[in-house]
Amino acid sequence: MDGGALTDANLTDSYFSTSFIGVNGFASPVETKYPLMQRMTNSSSSPSLLNDSAKPYAGHDPLTSPASSLFNDFGALNISQRRKTPNPTASEFIPKGGSTSRLSNVSQSNMSAFSQVFSHPSMGSPATAGLAPGMSLSAGSSPLHSPKITPHTSPAPRRRSHTPNPASYMVPSSASTPVSNPVSQTPSSGQVIQKETVGGTTYFYTDTTPAPLTGMVFPNYHIYPPTAPHVAYMQPKANAPSFFMADELRQELINRHLITMAQIDQADMPAVPTEVDSYHSLFPLEPLPPPNRIQKSSNFGYITSCYKAVNSKDDLPYCLRRIHGFRLVNTKCMVLVDMWKKIQHSNIVTLREVFTTKAFAEPSLVFAYDFHAGGETMMSRHFNDPNADAYFTKRKWGQHDGPLPRQHAGLLPESLIWAYIVQLSSALRTIHTAGLACRVMDPTKILITGKTRLRVNCVGVFDVLTFDNSQNNNPLALMAQYQQADLISLGKVVLALACNSLAGIQRENLQKAMELVTINYSSDLKNLILYLLTDQNRMRSVNDIMPMIGARFYTQLDAAQMRNDAIEEDLAKEVQNGRLFRLLAKLGTINERPEFQKDPTWAETGDRYLLKLFRDHLFHQVTEAGAPWIDLSHIISCLNKLDAGVPEKISLISRDEKSVLVVTYSDLKRCFENTFQELIAAASGQL
């Protein structure tokens, strides 16, 4: 296939990922069982892409999307676009006087053969000026301010706002449609002056794209590479999908979305208010306490409840922790709240605001935190088995102790415990460095999302609930004492994890618990627990346990990076889906439209008839036996070729098989864009 340069216009809404078709399941480079790829790559010299065993019921070929106007055109369907601000530093200028002599005219491309054979008003070449390589042009009004300051529709800012542009490294090649108005300077300057007309105003700017290296050839449409080798050799599960996101990750994300969008029936839960301050759509995240409950929280000393709610200011979900019946007397504690708001850490649930309310029919104090859907407490994850305490339970007379718990047989693996230690110590280090104390290092207040990701929850609650009027002059006076208590609490959490039981941290069971740790775990873990639980004659710091963690920190860093590689690979498999969906959505607005501007035959004539045949070529092919011929790689590759407007030819056959039209993808793309713009213009005129 002739290699044409893939410009930014074809990359407006997608990142360039290329290799040869046959990646991630559509066909692997080492596989030869997909003749479709060979048919497509050789079809530039053949009028048809259909193999001998496939009989076209109607014209079919790869689905692709209009490249340059995909984002801007579809934006007319009420999809908002980012607002771009003027950039006075853009490298563009307005030529004066004799400076125009440095600019050479641009040769216009010839009309395609299809345009010469079929004359139709909508098939003509666009009236707008051609685009420079790497540019996309959207219709817009002429700027009212001086062109010396870059308007938001000028080329330079939009060139910089595009996704990474592989065209910077590609050898330019001709396309069947006009792509640019390059006006080059004198050869000695080594730069290229680009010209673009937007809304009647002509802009000139310097093209800073590096010169391509000789001999470099890239595909001229989007195709998909295989899995990266460093991910492929991670030995994924045998049933892992080859060219879609992993089922486990997909299910986890779906569950998070489900929880985030959950709502309640207000008639069944009248005790939950419809709105609290600026939050609405409250959804309980834990069972609500009974109305006459007397027992208070074992952590905070007050009755508490937790809700998911949406903030009407930014429409984002948050977690609201309500303290029942609390009256805030001294507002000077808000100094500590402001300090907590500034802490951003990957292992801390960020506190956003604290406010009082009477929306619950009684005075309440509410803490608003970031909402992490699907999170569960460490208590529910690791300490909900009643049989786990059997080792520490006192035996009756004549009873013998059960078998000693072992790793992977009643106890947690040491690698998991160290992963938790690294994250918890990192959170404490950030909190103590900010001059604050955690004070909630407890299994009921540590959230786990995913498999091993920890976040310390409910930070700042104790600082408000226990604020003493004597601290007015120095709210941080007792923080050093609280920080020492944090280290002891961390030691208790680690010991409980090592014993897989909360009974192990009780004073009467400490000796037996340490014996269990000594038998099953390394001396480093034992020494870390002893250091955290033993009283010292000096002030301790969380940094003191860093040498005990040692090289295990690098193990956790390596695991996190490998996890990131795997997730990036899953993202790469889905990165083109949005672009292809937008293309199909635009194609669906054109095909089979019953009537347009009082013309019932509009969808069956002109450019629309070609698009109808292309739709049949894409989806409705059959074999010689009349069975449906379904090939996902065929659909994807055809869409990508249409998106790029490649010069490859295909044959479109009418449903009665009496007409055969040989066209190029560039012709189809022009018809596609002109037709969709016609719909957009008509829709805009009705608004």
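Every residue gets a Cβ built from N, Cα and C, even glycine.
Whatever TrEMBL says is automated annotation, not expert-curated.
The feature region 'Disordered' is assigned by TrEMBL to 40-61 (among others).
As annotated by TrEMBL, compositional bias 'Low complexity' applies to 42-53.
Taken from TrEMBL, the feature region 'Disordered' covers 79-107 (among others).
According to TrEMBL, the compositional bias 'Polar residues' annotation covers 98-107 (among others).
The region 'Disordered' annotation in TrEMBL covers 125-192 (among others).
If you look up TrEMBL, you'll see 163-192 (among others) marked as compositional bias 'Polar residues'.
Summarising the annotation, TrEMBL assigns domain 'Protein kinase' to 292-554. In the predicted model, residues of the domain 'Protein kinase' (292-554) average a pLDDT of 89.
In sequence order, Thr304, Ser305, Cys306, Val366, Phe367, Ala368, Tyr369, Cys458, Val461 are the residues near Arg321 (ATP binding site), counting only same-chain partners six or more apart with C-beta under 8 A. Taken from TrEMBL, the feature ATP binding site applies to Arg321, Asp370, Phe371, His372, Ala373, Gly374, Gly375, Glu376, Thr377, Thr444, Lys445.
Under the heading coiled coil, TrEMBL lists 551-589.
Annotated region 'Knob domain' per TrEMBL: 590-687, in sequence order.
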Cβ packing number for Lys445 (ATP binding site), 10 Å threshold: 21
For ATP, whose listed binding residues are Arg321, Asp370, Phe371, His372, Ala373, Gly374, Gly375, Glu376, Thr377, Thr444, Lys445, the greatest C-alpha pairwise distance in Å: 17
List of residues, in chain order, with Cβ under 8 A from that of Ala373 (ATP binding site) and at least 6 apart: Asn255, Arg256, His257, Ile259, Thr260, Pro317
Helix-strand-coil residue split for the region 'Knob domain' (590-687), DSSP-based: 53 helix, 15 strand, 30 coil
